[in-house]
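These notes are about the structure you will find just below.
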Amino acid sequence: MTVVMGRAAREARGSGSPRGGSGRARKQPLLTTLTPYLFLLVPVTLLLVFVYLPSIDLVWYGFSDYAGLGTPKWVGLANYQEVYQRPELFRAFWVSLYYMVGSVVQMVLALYLATVLSFSVRFRNLWKGIIFFPFLLNTVAIAMIFQFAFQENGTVDAVLSLVGLGSVKQQWLGNTSIVNWSMVTVSIWRYLGLNFVIFLGAIQSIPGALYEAADLDGASRWQQFRYIIFPGIKPLVALSFILSIAGSLAAFDTPYIILKGANGTQTFVIEIVQLAFVESHKVGLASALAIILLVITLIVVVGLRRLLPDEKVNLT
Amino acid sequence: MLSALKYASLLAASAFMLVPMLVILFNSLKSNDELFSGYPLALPHGLHLSNYATAWTDGNMARGFLNTGIILVVSLVGNILVASMTAYALDRFEFRGKKLVLAGFVVATLIPGITTQVAVFQIVNHLGLFNTRWSAILLFLGTDIISIYIFLQFLRGIPRELDEAAALDGANVLSIFFRIIFPLLRPAIATVCIVKGVAIYNDFFVPFLYMPKPELQTVSTSLYAFQGPYGGQWEIISAAIVIIALPSLVLFLALQRYVYNGFTSGATK
């Protein structure tokens, strides 16, 4: 997509820029000078009030004993010490690792399905629709669909019996060594379609002449994937992967709705919500955890950005 | 051989996607006894449509749809206005502080919204918006860069000559924006409506955290409320799930092409 969009944007900008400066040289009336500021008044206010002000508050709360009421008192590093001394608070980090593994699986599956469906296939639109549709479903509906699926004698057990794997039946939500894999499966089910559709769009924007040439040269499907498709969409795969990893750290909905974070499914965000709103009002401690999550996310995202390729690809 | 493998893998992927949803559809048409004693993959014997009536009335789902509808419409209209005006100012004007504003929006995307909720909640509370629809509206209306980017991309394709010609005719900036530019943004507006609309309709976190009052239940929180009292009655919960999934299905079937386009261009920005 970046490949396509980049080109369109460049052309558009090219046509606009020679004239861009012409209006500025003249002396402008006051109202004209003020216009852009008037246009930006509401959006910038919203940005400050709902993004930057809370970010600053968050840092301050993290160093305070704030309980949601009254005035916060400075307590230095006490909250961070508490996080350090209560390793159970930090266990959420290990839970996100499950989701990160899930992200890898999700990328591979999405890439495979997008590649298969970019070549001629019967009922292509039907397959595409089926794989994408779950992404459009309501968060709570998805959680509940899988609450039933993972029940004893629910959907998963029934399917396993059907294909003769009745012996692997499990307590999908009760067994603490499996429950996080169950949660990750839901996450893959939900987001696979989005990655798939994005990859499919990018693959289809690769010029068809490249495949024709490859066909003439007798390249196999795998070679076409390896040397044309994958290099063509690598930056997009990298970007999707980074977003997905960042999403792993922010996992909340499914484990909260199905299990309220019980059985070892507690993620960072569940912990923060429970500390700040549901079980207690330790806003200070929750803020410290949120800052830790924020720092980990930034390190992971920036680190991956460095690690993964970002070069612009030109296939034409 | 290879082709058989290809179709087998597509069938497997489709089954993975479809079976969990189909079972819920079957559940919603079964009687309580049938569901309890039976096999989840079995087709329903009759059509217990009364499950739908029970879910709709006992779950107060009309109220959920009304609240979601109000929040959806107001925040979408607001978001489209705010984001398109931001994009217009940033694309068409040179002014002091432009780089700062742009950087402000870009850096904001680096801060995962969910991490700052603890502090956002305090602000919403101090503004007296807790347990009002305005909390959700303002948070959704907000400042996400996705809509701004979609409009920026699109604006760059609209020639500046158009603005200049209108200015020469004596139109002021507001009427240039609202009467000339805004109507041309229609495809971008459609994209924003789909991407943001789906996100707002499906969101659980914001209504759950900011509007716990029963009268303000949205579709998400009204479905969530089934969990306690209806613990074992999966035929009722399943009917509620189907009711909530229906608008998504209709949107998808009616506007398939736009939905795909919206997400492929919106999600990667």
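Note that Cβ sites are derived from N, Cα and C of the backbone, with glycine treated the same way.
Keep in mind the model is a prediction, meaning the values are calculated, not measured.
Record features, source TrEMBL:
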| type | residues | note |
| --- | --- | --- |
| REGION | A:1-26 | region 'Disordered' |
| TRANSMEM | A:34-53 | transmembrane segment |
| DOMAIN | A:92-304 | domain 'ABC transmembrane type-1' |
| TRANSMEM | A:97-119 | transmembrane segment |
| TRANSMEM | A:131-150 | transmembrane segment |
| TRANSMEM | A:188-211 | transmembrane segment |
| TRANSMEM | A:232-252 | transmembrane segment |
| TRANSMEM | A:283-304 | transmembrane segment |
Q.
As a test: from A:34-53, A:97-119, A:131-150, pick the stretch that has the greatest number of Cβ pairs under 8 Å with the transmembrane segment (A:232-252).
A. A:97-119
Q: Could you give the residue numbers and ranges of same-chain residues that sit at least 6 residues beyond the transmembrane segment (A:131-150) on either side and whose C-beta is under 8 angstroms from one of its C-beta atoms?
A: 113, 156, 172-173, 182, 185-186, 189-194, 196-197, 253-254, 257-258
Q. Mind checking which residues reach the transmembrane segment (A:34-53)? Cβ under 8 Å, same chain, six or more beyond either end.
A. none
